[in-house]
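What Swiss-Prot annotates here:
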- 1-26: topological domain 'Extracellular' (TOPO_DOM)
- 27-47: transmembrane segment (TRANSMEM)
- 69-89: transmembrane segment (TRANSMEM)
- 90-105: topological domain 'Extracellular' (TOPO_DOM)
- 103-176: disulfide bond (DISULFID)
- 106-126: transmembrane segment (TRANSMEM)
- 148-168: transmembrane segment (TRANSMEM)
- 169-186: topological domain 'Extracellular' (TOPO_DOM)
- 187-207: transmembrane segment (TRANSMEM)
- 233-253: transmembrane segment (TRANSMEM)
- 254-275: topological domain 'Extracellular' (TOPO_DOM)
- 276-296: transmembrane segment (TRANSMEM)
- 349: phosphothreonine (MOD_RES)
């Protein structure tokens, strides 16, 4: 079984040297309950939040910016990822498992969405670095066309990096697992874990940390009353990414060591198995926070949610005329406020998009 996929419910024992059996039955049962509940919550909140981002960007009447392109692709990556969670929930509670084609396809979507989401978070960090720290030099490159080209490259990279994770996946006796060739059985799981640790965590974290550190240096040198909020949001982005993904990646690293029998005691193996189930769910729930951190903290997304709320209220309360009139007034007021806000930021960003600071 891949390290980031739900563990099989039928593998209740693990065997080691001297034919010693390590009973995992209670850990598997507890992990199954935990995974089913939290995967369902992550799916529900992740689906709603990221769909709102997609609808807000598509329905926005303003011209699209490069930031919008990246936010849209981040939301699509998260949607692709959370769309697989009901299948894994079904897998851990149903003895029939998944059909071969479904097993292969869902595993592929899972890892493409997994790496795609992290890669787009990293790209957004680099884009903000270019927009704020290198504003003058990057102005001509930060176009929508450039954003589309970069996004296609990120998707290609996500597919390429995800391929080793699902290329050997198959269904056998109601189990969806990695069936590696004999020559690769020992080294391939190590390669997969190392790929997740490095390309899925360490490298993105280093890039994000550098970009946001340089951004904060630039903001501290600017005399602007909005910079305190921007710095808090930047700090939030890095801290949330670190807190949600670090425990899981530590467990993946310990699991790699376990492949070399660094933890011979059964109790340690049991604790590690449970810890992976807990920390992976915490890490996966990060996709529920992406809309809040990257999108809804921006003015345009709050405006969209407000308009959506008023439309729903109009339908429920049967006062469409009144709400339409007040909405037009508030839209005019928001437009004036937006123009003032935009002018406050254009002196140190290359596109004047306030969301670039989030």
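Yeah, the Cβs are placed from backbone N, Cα and C, and that goes for glycine too.
Contact between the transmembrane segment (106-126) and the transmembrane segment (27-47) is not supported: fewer than 3 Cβ pairs lie under 8 Å, counting only residues 6 or more apart in sequence. Using a Cβ-Cβ cut-off under 8 Å and counting only residues 6 or more beyond its ends in the same chain, the transmembrane segment (69-89) has close neighbours at 5-6, 35-36, 39-40, 42-43, 46-47, 50-51, 53-54, 57, 98, 102, 106, 109-110, 112-114, 116-117, 119-121, 123-124, 127, 144, 147-148, 150-151, 154-155, 158, 284, 287, 290-291, 294-295, 355. When the topological domain 'Extracellular' (90-105) is classified with DSSP, helix, strand and coil residues number 10 helix, 0 strand, 6 coil.
Shown for the topological domain 'Extracellular' (254-275): DSSP residue counts in helix, strand and coil, namely 16 helix, 0 strand, 6 coil.
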